[in-house]
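> Below is one structure. I have some questions about it.
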Amino acid sequence: MTQLTQRAKQVDRKPMTLLERIYLWNILKGMMITISHLFKRKATIKYPEEKRTFSKVFRGVQILNRDEEGREKCTACGLCAVACPAEAITMEAAERQAGEEHLYKEEKYAAKYEINMLRCIFCGYCEEACPKDAIYLSQTFAPSNYGREGFIYKKEDLLIPHPIENPEAYKKALGEKGGNA
Amino acid sequence: MADEQQLFKVTIDNITVEVEPGTTILMAARKIGGDVTPPAMCFYSKLQGSGGKCRTCLVEVSKGSEKDPRPMPKLVASCRTTVMDGMEVKNITSAKVPEARAGVVEFLLLNHPLDCPICDQAGECHLQDLGYEHGKEGTRYEFSRRTFEKEDIGPYIQLHMTRCILCYRCTYVAAQLTDNRVHGVLDRGDHAEISTYISKAISNDFSGNMIDVCPVGALTDKTFRFKNRVWFTKPVSAHRNCDKCCGKVTIWNRGDEVLRVTARKDEWGEVESYDGKPGWICNTCRFDKKKMSDWTIEGPANINRHSVISTNHYVGAQKPAEFLPELMGGRNPKMLMDIHDVSDVNDPKVDLSLLPGPATGATFTKTKEQ
């Protein structure tokens, strides 16, 4: 039979020698590998105290953006929901009433906006689809939870802090990514 | 012999078709169908006198007729130019036409606000399709666009004058379908606008059809305003016995809520005809019959699979039978979470179809307290 690759090895079926039969030598060989790792750099980190730095293109939990005056940018156009391959995003649109101009940027806004984090696959299509720069994926991941209920993220959970009332939290949430948002 | 002479042979993009004298190039092209048909924003075959305004249907006539084979010097509007025997027309095979049409699209978008994320027409807007087909989804215009004072034209129809491209289709609906015309185009040039003089509410029974003929989102259904995006609704063909109109409609559902009722559209985006008569529908059917019990359901409406409306609509899907209760001895499986207990969206207690106008923030918060 012709070999497909050079890596195939013939199985050695010779009877074992005495040294191989007492196993001790092979155990020592294995232990040497284990012990040598004690003196090498650790591959793991102590997670809650230490955190890894994410890459700049890391796609974490979604954030709903506000403009400089703190008005919500989302107009409930539904493009994120239709782009979502996991069908995780749902929303209800409402008309902006007189006196709500300081809350919502456009005539129409998302009265309810939900992302089912059990479904979300963090593909970032919602960010791509958004014509209003209203949603983007931040650089933190969604925290774990004991119940399923906690994974239905509502608009209040997703909205970025107010840039005027809470500028520090806003800057932090914006991260490096939101510099141009 | 006489019968043979009555038909004119016309070649559009190398496809020959025989049509009656007096047919326009556009209607001859529609007879062939497919990509050779020029787009039309203002022309509406069911409205007399429409066409000749938007210039999107421009075609090149490379041979005038059998007797006079000289080409026409300029591109012509195919909706208003009648065919001649032996005429040769170039639409997509022409080098000039796509370029000229892209220019026309850009002009149409000059004053268009491009507020598609808010507009209810998005997804079924002819201007949107046209813009994307010609790669003109953006704009080079840097100046402030024309604005108008907001005008309320009644409880059923929402007018967004900034989106209007002045195709005049709605004024033809008013003139030809309703007995007393109450709206038209006021002023000239850049100031021209659709209006009902002295803000007179449109109360005629067939006035709602101007929503269907509007190629853009200038005239939209107020009873559907902001309730859902068209691509999240289910288009269903339905009918009812109506003494005023044909009663054949498409209803746009969310679950069992009838969010919107429109006339049925054919492949050209026009109202479908039944026995040679256009299937206009009356305002009662359109605005007042928002319950499933009002309608006899015929089945899912046919939507072009290239349309955004057909996304996530699974054609021919069959719901598999529930086998778990049978396996578990008649007991239903215990649900770990009912999404309606947690979610505020698609709340079964909120029936958007019962609202006369757009939802407000209070629509969704009130039910939470209940």
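Placed from the backbone N, Cα and C atoms, the Cβ positions cover glycine too.
Annotation source TrEMBL lists transmembrane segment at A:22-39. Summarising the annotation, TrEMBL assigns domain '4Fe-4S ferredoxin-type' to A:65-94, A:111-140. Among the features that TrEMBL reports, [4Fe-4S] cluster 1 binding site is placed at A:CYS74, A:CYS77, A:CYS80, A:CYS130. Taken from TrEMBL, the feature [4Fe-4S] cluster 2 binding site covers A:CYS84, A:CYS120, A:CYS123, A:CYS126.
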> Looking only at residues six or more beyond either end of the domain '4Fe-4S ferredoxin-type' (A:111-140), which have a C-beta under 8 A from one in the stretch?
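Hits for the domain '4Fe-4S ferredoxin-type' (A:111-140): 54, 58-65, 72-77, 79-94, 105, 148, 151-155, 158, 173, 175-178, 181.
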> Under DSSP, is A:CYS84 ([4Fe-4S] cluster 2 binding site) helix, strand or coil?
coil
> Nearest to A:CYS126 ([4Fe-4S] cluster 2 binding site) by Cα, among A:CYS74, A:CYS77, A:CYS80 (binding-site residues)?
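Closest by Cα: A:CYS80.
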> If I take the Cα of A:CYS84 ([4Fe-4S] cluster 2 binding site) as reference, which of the binding-site residues A:CYS74, A:CYS77, A:CYS130 has the closest Cα?
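Minimum Cα distance from A:CYS84 ([4Fe-4S] cluster 2 binding site) across A:CYS74, A:CYS77, A:CYS130 lands on A:CYS130.
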> Rank the binding-site residues A:CYS74, A:CYS80, A:CYS123, A:CYS130 by the number of other Cβ atoms within 10 Å of each Cβ, and give the residue at the low end.
A:CYS123
> From the binding-site residues A:CYS74, A:CYS77, A:CYS80, A:CYS84, A:CYS123, A:CYS126, keep only those with a C-beta under 8 angstroms from any C-beta in chain B, and list them in sequence order.
A:CYS77
> Quick check: of the binding-site residues listed here (A:CYS74, A:CYS77, A:CYS80, A:CYS130), which one has the Cα closest to that of A:CYS120 ([4Fe-4S] cluster 2 binding site)?
A:CYS80
> Of these binding-site residues, A:CYS77, A:CYS120, which scores lowest on Cβ atoms within 10 Å?
A:CYS120
